[in-house]
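Shown next, in structure tokens, is the structure this report addresses.
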Amino acid sequence: MRIAVIGAMEEEVRILRDKLEQAEIESVAGCEFTKGMLVGHEVILLKSGIGKVNAAMSTTILLERYQPEKVINTGSAGGFHHALNVGDVVISTEVRHHDVDVTAFNYEYGQVPGMPPGFKADKELVALAEQCMKEEENIQVVKGMIATGDSFMSDPNRVAAIRGKFENLYAVEMEAAAVAQVCHQYNVPFVIIRALSDIAGKESNVSFDQFLDQAALHSTNFIVKVLKELK
């Protein structure tokens, strides 16, 4: 099976790239694609760059050029739920934009005109990820909504504003909704699996740097477990 894994930054893809066998690297429009084999699957690892435009552009190239059967977006995120801690993992059930507002024209907050209000992750991939999480003992793994915007959430006032827009929001980051929207348009199953590098609004600029490597390791290990179970 051909599986695409997307991470925004070098820190988020480096560990997984080192695990790929027969790796071949290709650069297209500033995006790094690494093809290789891992646990019996052909894996296309994309380093997309940070933010929604980079994520949308590179995911489009990915789907057109490599035609993966499934897409997994990995990396770090800011935790938005009071019960979560740094290093915990969030599996997406739904992904939304948190910086889109066309409510003046009767769209839901976060809804892009012509698109659904949110993008549903593939139920089979979510269930598989949830099954894999049962083996985790020292890391809390939850499933829920992830929201995306082109901002790093270090301002408590902005955090409070976003919390007021979405119920049961578990994490925020800067690429997932763009990846999900492109996958929706191409009808390619996707899931977002993010490890928390910080808790939004609580000294985010400090804890992000401190815990990014830990979050990347947790996320990568979890991705490998999911790949092992994919049939």
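Glycine is treated like the rest: Cβ placed from N, Cα and C.
If you draw a 10 Å sphere around the CB of Glu12 (active site, proton acceptor), it holds 28 other CB atoms from the protein chains shown. DSSP gives Glu12 (active site, proton acceptor) a helix state. The annotation active site, proton acceptor is assigned in Swiss-Prot to Glu12 on the grounds of sequence analysis.
The feature substrate binding site is assigned by Swiss-Prot to Gly78, Met153, Met174, Glu175. Residue environment of Gly78 (substrate binding site) contains 26 other Cβ atoms, counted within 10 Å of its Cβ in all protein chains. Mapped onto three states, the DSSP output places Gly78 (substrate binding site) in strand.
Asp198 (active site, proton donor) carries a strand DSSP state (E or B). Annotated active site, proton donor per Swiss-Prot: Asp198, in sequence order, evidence recorded as sequence analysis.
Across the structure, Asp198 (active site, proton donor) and Glu12 (active site, proton acceptor) place their CA atoms 15 angstrom apart. Between the CA atoms of Glu12 (active site, proton acceptor) and Glu175 (substrate binding site) there is a gap of 13 Å, rounded to the nearest whole number. Sitting within 8 Å of the Cβ centre of Gly78, Met153, Met174, Glu175, and not among those site residues for substrate, are the Cβ atoms of Ala77, Thr148, Gly149, Ser151, Phe152, Val172, Glu173.
Cβ contacts within 10 Å of Met153 (substrate binding site), excluding its own Cβ and spanning all protein chains shown: 25.
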